[in-house]
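Peer 1: Can you read through this structure? Questions will come right after.
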């Protein structure tokens, strides 16, 4: 589990450091997976323990982190959508999808 | 309260001039004057009580946890200074009304002036040193505005910048000093600090605190070697110079030394630091003043010199010296403000302040001449004017003070300073007004209108009155102020004749020597000009320039607008900080047993890792990377399901669908491949950063998971109260809609805003512009599938839609007790609707859509808000939920909670936001020439005439 978080973070970070918008978006998505799992895992993992109250259950998982992550997932979708749109708009405006446009990049497409 | 009001009045009044300037300059000046007069009146009402020895307090709690309270107090010293600030302020307002030309923005001037006045009054009335520091910095800022008032003059801007840099730096030092002082005394209240003299002077931190506070005072009061900023600040309009440099800004340093006198003074450190600095400043500045041709520069250096005199007196640490210091503060304020105003009048009338071009004004401007002469004679210390009185007291104190055992040293230098003082004062008169009338004045001089010379006239009357009858006119004020300074009862004896004391002989020597010096001025001036001397401004610029360059270099190195660099720096910083904390702290291995591992999760884990690695390796192929993202998302959602989080699993998988569709839509317009642009070195660097980040986060969560929480989790509370308090057994959902309902409310709002942002961006792209042109000329480069809208797909989605809607409603209704809820239901319905778009195309579907997504979002947020507000009517806090059980005949008994209404809001917002986001991007596709189908399904045959644009 921890290694998965680590790998996802590393991959996300690496992709964000690329110079084109699309890898950055994908990297951001990976990073948000990593963060979500991180938060989720900070509630300690449990297999086959219900988060729903019932009379038979012996114990419960941590519902709090689940609730946090649930909204986080939805919000990160919203953010991804905004960034995609920004990237798209920028690409259509300038004809390039480079992110750091300080150097001359006309015709880079 | 009223003390706080006195300090607040100028700040409140600062709004008025800006507004009233529209009704004319007189109204503007009048409003400013009224505010000041009102504050002065309120001060006057307190005066009788203060003079009878009372101390008035006003206490307002501000940030008690920090020890920062808006406490004010008024004693004799505060009364003297507040009176000077407001009284002279009133005269300056009158004078400035006539001084400023019609081209100058007068509203701004008065606003700045009142801000400054408020800050000054705040300093002298503060009973809390932190509050005092706030006001102290405010004076630096507002004086910056005042000095740089003539923005078009480079000297004005430079002078203002220099003043701000010097006094601001001093202010920083003083903050440190004050904090130390507060720590020693155990309180930040002045009234407490003033009682703890022994504790403070015995402390090891006494000397650092003293030095730091004195740095603040010396920079503010332009003491040697920080005196250089004051003459440059003379680029300000004369009313500003008169105000700042006679009664206020530069006196703030003196005030603070006087205020801290009972605590800090009386030690050898204090004597050598303060008295020596004062003496050096007095002599050096007086000598420079003698050789300045600019009237205002002369006055500026004389101000520095007189400030040095007062500083020296305060440095002696004796009661008599403190009395002399207080008295001289009053006298200096009167004659120096008058002289500045006279210099301003001369400048205003003749258009020059250069002594070499003046002279002979005696006949042309008799009133100004009379006023200047009296004020200058007072400055020179000629009897019977008030300047003479305080100078005699100063010389008397100096005469019996030894410096490091040398009895003659102090008297000799003090006499020298006084001698220079006489010389430059007389030069002001002799070279400015006496002598023959010249023909080459830049403008024909004559006396100004009454309004302009009224203010200096009042001051001159005052100084003559003090000079002739010191005890009745000023004695009471000196008693009160000096009493407050020294912390005991004081009865000053001010008189002209003390007998044939050493002070008298020193005075005589000074006046005689001054006359001789003046007569020999011409050769002396030549010698002065011939000797090289350090130019303070050049030194200052020399220090500042490399600093500015370095700052710019750092800023541009870190902040060059490149996203990847920001991200790299931020990541490295976070990882480094984390690593540093980890390596320096102590660490023990985890104690919590790891969760046992089965085969299936291992396979899942392997898939996840493989997909991620493949994604990184093949990220140049964008479609492929999208597939890998999908794999990762799927595994993650399965992982949630496995690890007892059904709600999360549902949400994740739905979001995954929406995300992939979104990215596919976007990819239609983006390049399909990412070119490799970075070199190996860059890739290695990024890889190293990424690995470090991954190691950091992975290690952190590993350590976190292998031990139990340090504190009992608040989750138990939620578990215990979900059923009883929120009425649901699905704790996750109850947390979302009830316990943390306010968070959720914020989150759906954010989601709605995000969708609207996407919509707005789409609108921008679709407006006429390069993007729109590009879209209109879009040509599909890659081969398309033959079936645009395959029959099977269309039929299947139609069948699925009602089922999906049902599932959505089911999930929604059961959400409170079983996995589900508004978020998930919204996503389910959204995905179902998306399928319709995919199957039959955007145009066909939107023609059949009856709801605006914007409205969905708005209604959703409003319903959620209404559900929250509803609980107000039941007398409960926002978003408290109530619940009950309802049985509708065909259904099972189910629960109805107000939280459910809130959840409907969540549902609608999520649905609306997802749909709006994706539909917006689809509109771009339509603009790019995608054909809109007329029928629900069609086949894309080359050359057929299907569809319409």
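A Cβ is built for glycine as well, from the same backbone N, Cα and C atoms used for every other residue.
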Peer 1: To which of the residue ranges B:297-316, B:477-496, B:537-556 does TrEMBL assign the term transmembrane segment?
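Peer 2: TrEMBL lists transmembrane segment for residues B:297-316.
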Peer 1: Could you tell me which of the ranges B:599-617, B:713-731, B:770-788 is annotated in TrEMBL as transmembrane segment?
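Peer 2: TrEMBL lists transmembrane segment for residues B:599-617.
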Peer 1: Of the residue ranges B:26-53, B:894-921, which one carries the transmembrane segment annotation in TrEMBL?
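Peer 2: Transmembrane segment, as annotated by TrEMBL, spans B:894-921.
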Peer 1: State the non-local partners of the transmembrane segment (B:450-469) in its own chain: residues 6+ outside its ends, Cβ under 8 Å from one of its Cβ atoms.
Peer 2: 88, 91-92, 94-95, 97-99, 330-331, 334-335, 337-338, 341-342, 345, 348, 367-368, 371, 374-375, 378, 383-389
Peer 1: I need to check the long-range neighbours of the transmembrane segment (B:205-230): which residues 6 or more away from its ends have a CB within less than 8 Å of a CB in the stretch?
Peer 2: 136, 159, 162-163, 165-167, 169-171, 173-178, 180-181, 183-184, 245, 249-254, 256-257, 260, 264, 267, 269-270, 273-274, 277-278, 280-281, 284-285, 300-301, 303-304, 307-308, 311, 536-537, 540
Peer 1: Give residue numbers and ranges for long-range contacts of the transmembrane segment (B:566-587): same chain, 6 or more residues beyond its ends, CB-CB under 8 A.
Peer 2: 558-559, 686, 689, 692-693, 696, 699-700, 703
Peer 1: Helix, strand, coil: count each for the residues of the domain 'MrpA C-terminal/MbhD' (B:607-672), based on DSSP.
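Peer 2: Residue counts in helix, strand and coil order: 54 helix, 1 strand, 11 coil.
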Peer 1: Taking contact to mean three or more C-beta pairs under 8 angstroms, with sequence separation of 6 or more, is the domain 'NADH:quinone oxidoreductase/Mrp antiporter transmembrane' (B:126-404) in contact with the domain 'MrpA C-terminal/MbhD' (B:607-672)?
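Peer 2: With fewer than 3 qualifying Cβ pairs, these stretches do not touch.
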Peer 1: Could you pull out which residues elsewhere in the chain have a CB under 8 Å from any CB of the transmembrane segment (B:408-429), counting only those six or more residues past its ends?
Peer 2: 275, 279, 282-283, 286-287, 289-290, 292, 295, 298-299, 301-302, 305-306, 308-309, 312, 339, 355, 372-373, 376-377, 379-382, 391, 394-395, 398-399, 401-402, 502, 506-507, 509-511, 513-515, 517-518, 521
Peer 1: Looking only at the domain 'NADH-Ubiquinone oxidoreductase (complex I) chain 5 N-terminal' (B:63-109), how are its residues distributed among DSSP helix, strand and coil?
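Peer 2: Here the numbers are 31 helix, 5 strand, 11 coil.
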